[in-house]
Amino acid sequence: MTTLAPRGRATSDAAVGWCLTLIVAVPFVVFLVVPLASILVRGFETPDGLGLQNFTQTFGSARFWDLTVNSLAMAGLSTVIVVSLAYGYAYALQRTAVPLKPFLRIACLVPLFAPSLVQAQGLVLLLGRNGFLNRFLGFDIDIYGFWGVVIASSLYAFPYAFLILSAALAVADARIYDSAEALGAGPLRIFKDATLPATRFGLVSACFIAFTLVVTDFGNPIVIGGDFSVLATEMYNQVIGQAQFGLGAVIGIVLLVPAIVTKLLNNTLSGRTHAIITDGARPLTIEPSPMRDLCWSLFVYGLVAVILSVPLIVLIASFTQLWPYNMAFSLRHYHFDVQNGLAPFKNSLIVSASAATIGVVLSTLAALVANRFRTALSGPIGFLSILPSAVPGMVLGLGYLVTFNDPANPLGFLYGTLTLLVVMITYYNFANAYLTASTSLGQIGKTFDEASTMLGGSRLTTLFKITLPLLWPTMIGMWVFYFMRTMVTLSAIIFLITPSTQMASVSVLQLSDRGAINQAAAFSICIMAVVVLCLALVRGLLILTGNRHVALIR
Amino acid sequence: MTLAIDDLVKTFGEVKAVDHVSFEVEEGAFVCFLGPSGCGKTTLLRIIAGLEQADTGAVRLGGVDMSGVPARKRNFGVVFQSYSLFPNMSAQRNVGYGLECRGWSKSERQKRACEMLDLVGLADQARKLPSEMSGGQQQRVALARALAPNPSLLLLDEPLSALDAKVRDTLRQEIRSLQQRLGITTVMVTHDQDEALAMADTIVVLNGGKIEQIGHPRDLYTRPASAFVAGFIGHMNVLPVTRNGSGFHFSNTILDVDEADPGQGDIRSLGIRPEAIEVASSHGANAPRNVVPGEVRAVTFLGNLTRIEVAPDAQKDTVLTLELHGACDIPKLGDGLSLRLPSHALKVLP
């Protein structure tokens, strides 16, 4: 038989690498670098040219410092509460034998499936002026203000803190616990000397992430804050209420600080956590202990009742005639005959599905360029890909507003379209998807690439026949995550909402604001239903195709 | 086609992975690169494959310089250490992949893939995914996949080291007989001396990026060119000696050596294989030539043979290892034992 040379291809492998690089890099500059740069520029822009006037004006006002103290106090207290509770909850699930763990794990993540202001919405229905407790149980609670925001924010940040702490508590070396017990240490001492030190990085990380989430959150404080304002709501008022873009930009820059600190700290910490568990480690086995398990069960079931009471009361309100005056069952709020009808909901679905699709494609390409098709721009692309995780949604949103609402911008026609929302959300959630794709590519390993090369496959052949078929379950997981985050986000899109681009989560805010609590509740429930349905469908698909291991919620 | 390696150099930072390596492989030969980990053998294979670029030097196949030819156009077959079968494809599609890249039609691909699978004895496994096959089966498919496009050179990168001992032995013979049947020039990397001795026509012993010795397995064993080769291929007892006229002195024992040429200059050490050492009949202080009295330090029973370590009375830190075959009187720990080192078995080590 004759020797057969592999078939030639017109495009060389290097050209393919550069092609992909440009596909990723150009939109990065236009839709991430420019908006972030313009928010910085806006901060320094004054009627008399560039200057520090916005900063001096902001930092010189007593109101700014009041708001800063409000934000710090509220976020600080919420962080302490949420991390303590989440630690206990995660501890109970990982280290004790409480019953029905799968239920408990899913139940505490429910807030992730709801629009981010649902906590405030639910608390108003439970504890507000016309709330369940005041109205029907004879209490006289005033929830609007500091405490309302603290409770709502704690509930909001709970799942995020839980996921981190649960991962930290999941790894343990049984040998350490055995020897501690053999040396005569009591349970408290073992906790102080073994458990706590092993999870301290997770604790610090959870604290910073919870703090950043809470301090940059806008939906909950605006719904339940009453007269109590924080930096995030002030930013909204400056920009939307008074069109003071420069002052809004200054607050945006201030809000970037905790987010960037969190990101840097997380990068430093994640490198160290691995060293705790060594080769010979033996996983912990949990022996039932009736007294301990009963105590922890009381705690976790009490907590999960509080967490679930929020979506539950929203669900009830969505099915009542007119909360709280006429509590009869009714489906009329699901007719969506108010405001724009179902349009915001359709917009949300379109934007979420489009952003998820584009985001998965672009973030996978970015991961491929950074890990496989290396070019001179691979490094910068890797950096830009994780940058969005350090940018709060409101800040990126304001960046888009000042960039694309500018008549001088040739892409200005995008302002006021759903397309711009899609693009913005694509980059807002980029980091998470990119990191997932990168990790997955790392696990696939380079041997397959080399094997394919030696058999005569070009890089494109390898990509389409080997890499992508192996990556698709992960990409499906990324898609769901994107979709879910987009359906529920509020702070990222709030600045880009125009009458022609209404979104469901914003409708919830506006309906609540107008006092239409029942319709607002119905909207929230629909968002949750879609997210849960999507998660369930994809989970089913993954199980059917033998990809049970792919994580959907991170 | 003849494979010629011409003065290859490859450095990674400070480390010289391949240090001025040259040799030739005849058409149809089976060559093994043998050496400890980090000796540069895998790097050398990867340079030949085109997966790594050499700093200087050339790889020529049939006289043609391959340096301008990218890996995917070289038409070399490679089998990797880890089972690198594509997990998303059946055995048959894996085998047909190289043909797919060469634009073969589907029916031709299937026919060829079946032939190849038949060749490695897995015709009945064609539809299975890699995850449904054992390690040995996967490596057989990998071999079929590498051979399917009719490569001009077959490269094997530690193909057997991830398998368990039994499978390794059978596959060793299968690869060798298949290679001989197809007459394909083959280069294999291994750190396992048994594997190299059993399979190769020629062994290239590498150490620190340099070639220590090239030769037929038997020559490497009987005439090692250096103490490193002697120690790496089988075990070799090394005796430090001083020369005095016609004889060598190991402490107070005089050793006759057949192969020593009186004209040879500075000789400081002699080597002897464990199986060549005999137990001397008598044990006494006044030992004759080539007999070393000593004391048994360790006895290891290994089934078909017993390995004994003896510390010579006159030089206790140079422990000699010998192997006794079959059922015989096994000395006990601490026994006195005199060893005869036959003059024909003593090798001069450079």
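Any Cβ shown, glycine's included, is placed from N, Cα and C.
TrEMBL annotations: computationally assigned, not manually curated.
As annotated by TrEMBL, domain 'ABC transmembrane type-1' applies to A:68-266 (among others).
Look at TrEMBL and you will find A:345-543 (among others) tagged as domain 'ABC transmembrane type-1'.
Per TrEMBL, transmembrane segment is recorded for A:15-41 (among others). Sequence-distant contacts of the transmembrane segment (A:15-41) (same chain, at least 6 residues past either end, Cβ-Cβ under 8 Å): 50, 249, 252-253, 362, 365-366, 368-369, 373-375, 377-378, 380-381, 384, 387-388, 391, 395-396, 398-400, 402-404, 406, 411, 423-424, 426-427, 430, 458-460.
Annotation comment: TrEMBL describes A:72-91 (among others) as transmembrane segment.
Per TrEMBL, the feature transmembrane segment maps to A:103-126 (among others). Here the transmembrane segment (A:103-126) has long-range neighbours at 89, 92-93, 132-133, 143, 148-149, 151-153, 155-156, 158-159, 162-163, 166, 217, 219-224, 300, 303-304, 307-311, 313-314, 316-317, 323, 484, 487-491, 504-505, 508-509, 512, 517, 520-521, 523-524, 527-528, 531-532, 535, 553, meaning same-chain residues at least 6 beyond its ends whose C-beta is under 8 angstroms from one of its own.
According to TrEMBL, the transmembrane segment annotation covers A:201-223 (among others).
The transmembrane segment annotation in TrEMBL covers A:243-265 (among others).
Tertiary proximity for the transmembrane segment (A:298-323) is limited to same-chain residues at least six positions away from its ends with a CB under 8 Å from its CB atoms, namely 85, 88-89, 92-93, 98, 104, 107-108, 110-111, 114, 118-119, 121-123, 125-126, 130, 132, 155, 158, 329-334, 517-518, 521-522, 524-525, 528. Marked as transmembrane segment by TrEMBL: A:298-323 (among others).
Listed by sequence, the residues of this chain that lie at least six past the ends of the transmembrane segment (A:349-369) yet keep a Cβ under 8 A from its Cβ atoms are 17, 20-21, 23-24, 27, 375, 377-378, 381-382, 385, 418, 421-423, 425-426, 429-430, 433-434, 436-438, 440-441, 463, 467, 471, 475, 478-480, 482-483, 486-487, 503, 530. The transmembrane segment annotation in TrEMBL covers A:349-369 (among others).
Positions annotated as transmembrane segment by TrEMBL: A:381-401 (among others).
Remote same-chain residues near the transmembrane segment (A:413-430) are listed as 27, 31-32, 347, 350-352, 354-355, 358-359, 362-363, 366, 385, 388, 391, 393, 396-397, 400, 404-405, 481-482, 485-486, 489, 492-493, 496, 498, 500-501, 503 (criterion: CB distance under 8 Å, separation of at least six residues from the stretch ends). Here TrEMBL flags A:413-430 (among others) as transmembrane segment.
Sequence-distant contacts of the transmembrane segment (A:463-482) (same chain, at least 6 residues past either end, Cβ-Cβ under 8 Å): 352, 355-357, 359-360, 363-364, 368, 372, 425, 429, 432-433, 436-437, 440-441, 444, 448-449, 452, 457, 534-535, 538, 541-542, 545, 547, 550-554. For A:463-482 (among others), the entry in TrEMBL reads transmembrane segment.
Residues of the same chain lying 6 or more positions beyond the ends of the transmembrane segment (A:488-509) and with a Cβ under 8 Å from any Cβ of it are 112-118, 121, 216-219, 222-223, 232, 236, 239-240, 339-340, 343-345, 347-348, 351, 392-394, 396-398, 400-401, 415-418, 420-421, 424-425, 428, 520, 523-524, 526-527, 531. Taken from TrEMBL, the feature transmembrane segment covers A:488-509 (among others).
Residues annotated as transmembrane segment in TrEMBL: A:521-544 (among others).
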| Are there residues at least 6 beyond the ends of the transmembrane segment (A:72-91) whose Cβ is under 8 Å from a Cβ of it, and what are they? | 104, 108, 146, 149-150, 153-154, 157-158, 161-162, 165-166, 168-169, 195, 199, 203, 206-207, 210-211, 214-215, 221, 228, 230, 296, 299-300, 303
| field | Positions on the same chain near the transmembrane segment (A:201-223), where near means CB under 8 A and six or more residues out | value | 71-72, 74-76, 78-79, 82-83, 86-87, 115-117, 119-121, 124, 149, 152-154, 156-157, 160-161, 164-165, 167-169, 229-233, 235-236, 255, 258-259, 261-262, 265-266, 269-270, 272-273, 392-395, 490-491, 494, 505, 509, 512-513
